[in-house]
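Below is one structure, written out as structure tokens, with a few remarks after it.
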Amino acid sequence: MSDDHFDDEQEGSSGGPRHPMAARFRGYLPVVVDVETGGFNSATDALLEIAATTIGMDEKGFVFPEHTYFFRVEPFEGANIEAAALEFTGIKLDHPLRMAVSEETALTDIFRGVRKALKANGCKRAILVGHNSSFDLGFLNAAVARLDMKRNPFHPFSSFDTATLAGLAYGQTVLAKACQSADIDFDGREAHSARYDTEKTAELFCGIVNRWKQMGGWQDFDD
């Protein structure tokens, strides 16, 4: 299915002059998302953490990470959680300071913030940015389906994958190595936290987009 089917869904746009962010990404607002999970199967495995960073644009057309939303999430009823996944992420479900919320609470708050950013940037819909973005989008869509949420601001299948973009820009597809190549500080001890990975992915995405602009690409944002 072509994403043209979704072009008329005006989630956050309004009349008046077109905002440069909307012009840059064809009406879509990039929002970086990372999830930490109980496994690889979005239908059966728990969503344990989710973070989302909205992207802003300055008066010169350069993009930057704007605001991050982060939640530790209670596993949905009947969710599968692989021991290997917990070992990999370091998540301790019984930690007294974990303070997890329901999937509904997490997504409702994130979607509210995303809609606010859509309105501020004159964009019609959010497009997920992620490192290996199909994984994050799959878990997001699965949670939306479980909750029967009717107003999901994200495009259901299009995304920007920073693993692909970093492979093009830096010859690296691993997040830590791509960040190092882009002169972005990356602490491996903090990795696999949804907040940390989201914010580093946002820095990487903005760096690649801005580097392309500096090299002469996308100078005319009204095209």
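Cβ coordinates are placed from backbone N, Cα and C, and glycine is handled just like the others.
Values in this document were obtained by computation on a predicted structure and should not be read as measured data.
Per Swiss-Prot, the features are as follows:
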COMPBIAS  1-11  compositional bias 'Acidic residues'
DOMAIN    31-205  domain 'Exonuclease'
BINDING   Asp34  Mg(2+) 1 binding site
BINDING   Asp34, Glu36, His192, Asp197  Mg(2+) 2 binding site
SITE      Phe40  site 'Important for substrate binding and specificity'
SITE      Phe88  site 'Important for substrate binding and specificity'
SITE      Phe135  site 'Important for substrate binding and specificity'
SITE      Phe157  site 'Important for substrate binding and specificity'
ACT_SITE  His192  active site, proton donor/acceptor
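Positions of Swiss-Prot features highlighted on the structure.
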residue: Asp34; record: Mg(2+) 1 binding site; DSSP (3 states): strand
residue: Phe40; record: site 'Important for substrate binding and specificity'; DSSP (3 states): coil
residue: Phe88; record: site 'Important for substrate binding and specificity'; DSSP (3 states): helix
residue: Phe135; record: site 'Important for substrate binding and specificity'; DSSP (3 states): helix
residue: Phe157; record: site 'Important for substrate binding and specificity'; DSSP (3 states): strand
residue: His192; record: Mg(2+) 2 binding site; DSSP (3 states): coil
residue: Asp197; record: Mg(2+) 2 binding site; DSSP (3 states): helix
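Note: the residue listed as 'Mg(2+) 1 binding site' has non-local neighbours Ile50, Ala51, Gly130, His131, Asp136, Ala194, Arg195, Asp197, Thr198, Thr201, i.e. same-chain residues 6+ apart with C-beta under 8 A of its own C-beta. The Mg(2+) 2 site is set by Asp34, Glu36, His192, Asp197; from the centre of their CB atoms, other residues of the chain with a CB within 8 Å are Val35, Glu49, Ala51, Thr89, Ala191, Ser193, Ala194, Arg195, Tyr196, Thr198.
A straight line from the CA of His192 (Mg(2+) 2 binding site) to the CA of Phe157 (site 'Important for substrate binding and specificity') spans 24 Å. Note on proximity: among Phe88, Phe135, Phe157, the recorded sites of the record, the Cα nearest Phe40 (site 'Important for substrate binding and specificity') is that of Phe135. Across the structure, Phe88 (site 'Important for substrate binding and specificity') and Phe135 (site 'Important for substrate binding and specificity') place their CA atoms 16 angstrom apart.
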